[in-house]
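Here is what TrEMBL says about this protein:
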{"type": "DOMAIN", "residues": "421-725", "note": "domain 'Ionotropic glutamate receptor C-terminal'"}
{"type": "BINDING", "residues": "504, 509", "note": "L-glutamate binding site"}
{"type": "TRANSMEM", "residues": "546-566", "note": "transmembrane segment"}
{"type": "TRANSMEM", "residues": "622-643", "note": "transmembrane segment"}
{"type": "SITE", "residues": "650", "note": "site 'Crucial to convey clamshell closure to channel opening'"}
{"type": "SITE", "residues": "677", "note": "site 'Interaction with the cone snail toxin Con-ikot-ikot'"}
């Protein structure tokens, strides 16, 4: 263990099984070439540590140093690397570090401590993270002003700091959003939290997105975004990760909508077997040279850098032997305070830094501030209206010296349409396409919203057009034999180059024709005439039943007679006691009594009653009765008037399917008609609402209730309701 003259020691994390395998493979490849290190035997010692256990890493390194060491190669995460960097700086041991990124997330740079005396013995064999630089180049090339970055919980967001600084200096509007492991919950929360207009604004932000995720996480995320209708046909998403396989790329592209751009690291020398398999004019007989095995493709990026790091060390040892400047190996005791660092450490570090090799990852040297600067990325992309099954194209490459090589612009047809005359099919529907006033003998002219869009396009792209109406007056739906009718049929049959009208984008139609971006969203509505106000002169009587009115009418004279009698009795008593003179102020006629009762009923008062206790009891009871009757009348009248205003029988599809008074239909072979057909004939549909609706809409194959065009539908509604008023 590390006791012979040329010795390399390694520390790997336990979960990286291939690291140990590749290290042994590199050593055995070198051992085949005796003259590389002449008669010296390369010896090595490997220690495995738990992931994210810096203390154990230091313990194992100390043990290796005790045994004797020339250089240390490690492949770990940032936590262990930072601890080992402090140790190797203190002991002056050259340390080649290969950063591993766990869980497949894009890696971010490890934050190392400043070295004492400014002498860093840790050399980064894997180049610094350059994803930020590539992304900045990409967004400026694509002219993105506003976009969102999704990153998963495993990604260290500190790595985005320089990117965010530069983006804000360039005036870009960048949002950040963390994605939990449970992606479906993220989307469920969005729908629960946001109102519709907020969701629409959010959906607009999602049209430009960068994903910093593991391939698996990104696949699930994209799938959920498409499922929940948050991704759209005009979206453009960038997926950035140094290592992503071809299979993962195809999976991502196939599950996405719209345009997708992928950034990953590449190694150009892989393709050249001759270069890969020769070391100092000797052929290496290793697994890496057998293309049938596919072994090389199965390795992680960190494995490739590990192989090259061993080559780099061997190269340095060889040059040391040649120069005869060999130092005895360091045998150091970490725990003893008096231990001095290895005196040959700086010389060994200098030799490694001056070396340069061409390995599996291409060129490797440590001339740029103690790290390997040679790195190359490829930018893959799908074209804008990518349909399934098309290939992903390589759009450009990016490397650390030359920057971007290639163009990311979409290939738009601009000058290529000058002077071309297009055949355009249309269908009349107000206010989208209407016939304009026509001059006798001139061809038909059209106007409307869709025609304005067409004229604007013709002006920008420079084409002319001939326009005609579709013969069957249909938008387009699939026939049982697989062909299509309507405007879609005209396009498929190449009779028209372009169709323009108020046509709905549906998945079935998208399979056979290409659509432009949608420029108007319109939901399905139910067309009904306004309910007319029916003026009834007797509506004032409606709150009470006829029997109640009759009882009230009878109660007034009855109470009036009662009061008349009581007052007459009182008058007689007063006459007897006052010697035959009645009080002059009180009228005691029956007419007067009934008037007082009626006045009290309508809460208007009347003549005052100066009377006995009996009279007061009767009047008090009557007042209470009138109070209750008047309050009930007022409340009932308000409720009656409100209900009559809200009297609209149909407010949803469920209401429509449950009633039998209204006959309903839609436009035959339209998107709505096809939607009802699909839902109404689907045996898996639990709710029978759509089955009922389809039964009525499709009566006699749609000829009874459905219509051939919207204007016919409006006429039909007017005639139907005109006859039923």
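Yeah, the Cβs are placed from backbone N, Cα and C, and that goes for glycine too.
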What residue among the recorded positions 509, 677 has the most other CB atoms lying within 10 A of its CB?
509
With Cβ-Cβ distance below 8 Å and at least 6 positions apart along the chain, what are the contacts of residue 650 (site 'Crucial to convey clamshell closure to channel opening')? List them in sequence order.
526, 528, 656, 659, 662
Using a 10 Å cut-off, grab the number of neighbouring Cβ atoms around the Cβ of residue 504 (L-glutamate binding site), all chains included.
15
Between residue 504 (L-glutamate binding site) and residue 677 (site 'Interaction with the cone snail toxin Con-ikot-ikot'), what is the CA-CA distance rounded to a whole number of Å?
16
Tell me the Cα distance separating residue 509 (L-glutamate binding site) from residue 677 (site 'Interaction with the cone snail toxin Con-ikot-ikot'), rounded to the nearest angstrom.
15
Within the domain 'Ionotropic glutamate receptor C-terminal' (421-725) only, compute the mean pLDDT.
79
